[in-house]
Amino acid sequence: MSEVHVHRVQPAWKKNALIDNDTYLKWYADSIKNPDKFWGKHGKRIDWFKPFSKVKNTSFDGKVSIKWFEDGLTNVSYNCIDRHLKKRGDQTAIIWEGDNPYDDKKITYNELYERVCRLANVMKKHGVKKGDRVTIYMPMIPEAAYAMLACTRIGAIHSIVFGGFSPDALAGRIVDCESTFVITADEGLRGGKSIPLKENTDKAIDIAAKNFVMVKNVLVVRRTGGKVGWAPGRDLWYHDEVATVKAECKPEKMKAEDPLFILYTSGSTGKPKGVLHTTAGYLVYASMTHQYVFDYHDGDIYWCTADVGWVTGHSYIVYGPLANGATTLMFEGVPNYPSQSRFWEVIDKHKVNIFYTAPTALRALMGAGNDPVKKTSRKSLRVLGSVGEPINPEAWEWYFNVVGNGKVPIVDTWWQTETGGILITPLPGATDLKAGSATRPFFGVKPQLVDGEGKVLEGAADGNLCITDSWPGQMRTVYGDHDRFVQTYFSTYKGKYFTGDGCRRDADGYYWITGRVDDVINVSGHRMGTAEVESALVSHDKVSEAAVVGYPHDIKGQGIYSYVTLMKGEEPTEDLRKELIAHVRKEIGAIASPDKIQFAPGLPKTRSGKIMRRILRKIAEDDFSTLGDTSTLADPAVVDDLIANRQNKKG
């Protein structure tokens, strides 16, 4: 491996940092030695209606049970809004920056309180109760945050579906959690293009009805004023409804382990999993990681560029920052609209201090050269962050030297939908940085590397990343399917949470995430199960079989490479290729569009019928010199055809 460039903690980073290296080492040791005492103390960072007396009650064995602060009573929206009103009611809670650079607004904590209470009362008026599931399918507008917080105020469980997902994907998520109330907008706006959210919702509701889940009401925010279909009695205009209710709504007293939200994520088997997070442990962990990972100080302007449809938006646009009384920026647009300078212009316009984005955006912007960055000052920046996938050292150095002018620490954070918050990360005033490494575990997090047989690897090693004990932000179950939860995360290596990621630990104890080791690919920082894309392809009537693998992609990190076998008598044509791409977009959404489709007469299978994905990956990477033993294949000649017709030939 090439020489790793270490960036030592600069004196300026250390000067006002919340944590230095000695403090990190002490706190970390305490958190591992005595988790009850450590989290008992930090559990008090949120306000409780009834304090907890039990801290940790968790087991990774057998049935797997995870409970934190279980006898306490609290409320998330109270912690994100009410408790701040006395001290910072007139402070900006949310800065909203629209798709169009001239479109922005600021919402204070007082205004946030009123809007969330009104929306909570609208839901109550229409029969939404504690424990009911509410589906949110929204653009990046403040009402998306109001909807989340209003659910938490009345104890409803929200399930947010990313606005880029198709009607079919939305319907599947409505059906799985039997949601009867949906909040959406007429249209979304992204990069100057409108997205037909209400139209998609109408289609999804029809599909859900065929699966015996009847949506009673759809609350529609007017974003663009575009024309939409309307079902009187079912559909409600947001602006009409909030005008008819009171601006006060008492927060429900929620048990620490009451469900907070469900967020669907791709798995290595076809059906998306409803990751379930609960109330108190999640909020303690999201707010604590937000404070210490980003070295958040009172008054900082904080911007995470994610969408609330992903877990990063849940934890680090809404819940973490607002629980800490921060000013959080919500961005509706994309990095390159109307120009390649957009991110940096927004940073200057709103004097952003902490900026958190994804490697895929950075690689695309890096490709546009340094000029769009250099046009802006960015002098307000104090901390930079990266999330969603491992960041390659070249992109890291560009981020550090060009965006941060070599003066701003980068926190390269590793975590997952399932973990609720950041697990492995540098801390700005404490951790020497290495380009491409997530560095060290956060407090209370016990990483372990194991080999394929489950043998624990000590010291510098390369293996599968597991976590050996619970932390408060951990998911509790797969919604409606606890067996799947145990099977997916705790059966590969007994008594350990298996992350599904490969990882290398270097001689300094730093962790380097090497990517998924299961059948999940990471496209632009978003997880996509290969099985999901395969089932979408196979549902086309001309396709007999499909296999999907990831391959290295300059911008997205990983691209989607599909091998497709057609039904007898069907001809592989360019038109069919386009038709299949459109079909996948309809089934799942644009995010799952195959980058390459290779028509193949057959797939490499063992005699027992198992597809040899290892071989398909190598061919997709144009690296077939090390295909290994193909003698176990039922028909070794298939491989020659795949190599001859590969789509990624170099040179």
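Cβ coordinates are placed from backbone N, Cα and C, and glycine is handled just like the others.
Copied over from Swiss-Prot:
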BINDING   ARG190, GLY191, GLY192, LYS193, THR312, ASN336, SER524, ARG585  CoA binding site
BINDING   GLY388, GLU389, PRO390, ASP412, THR413, TRP414, TRP415, GLN416, THR417, ASP501, ARG516, ARG527  ATP binding site
BINDING   VAL538, HIS540, VAL543  Mg(2+) binding site
MOD_RES   LYS610  N6-acetyllysine
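In this record, CoA is bound by ARG190, GLY191, GLY192, LYS193, THR312, ASN336, SER524, ARG585; the longest C-alpha to C-alpha distance in that set is 24 Å. Taking the centre of the Cβ atoms of VAL538, HIS540, VAL543 as the Mg(2+) site, the nearby residues of that chain (Cβ within 8 Å, site residues left out) are ALA536, LEU537, SER539, ASP541, LYS542, SER544, GLU545, ALA546, VAL564, LEU580, HIS583. Long-range C-beta contacts of PRO390 (ATP binding site), restricted to its own chain and to partners at least six residues apart, with a cutoff below 8 Å, comprise PRO359, TRP414, GLY436, ALA438, TRP512, ILE513, THR514, GLY515, GLY557. Of all the binding-site residues listed (ARG190, LYS193, ARG585), LYS193 has the fewest other CB atoms within 10 A of its CB. Ranked by Cα separation from GLY191 (CoA binding site), the binding-site residues THR417, HIS540, VAL543 are led by THR417.
Each residue contributes its Cα atom, and for VAL543 (Mg(2+) binding site) and ARG190 (CoA binding site) those atoms are 33 Å apart.
DSSP assigns THR413 (ATP binding site) to coil, not to a helix or a strand. Contacts of SER524 (CoA binding site) defined by a Cβ separation under 8 A and a same-chain sequence distance of 6+ are given as ALA358, THR360, GLY388, ILE555, LYS556, GLY557, ILE591, in order along the sequence. Closest to ARG190 (CoA binding site) by Cα-Cα distance, out of the binding-site residues THR413, THR417, ARG516, HIS540, is THR417.
Here the Cα atom of LYS193 (CoA binding site) is found 28 Å from that of HIS540 (Mg(2+) binding site).
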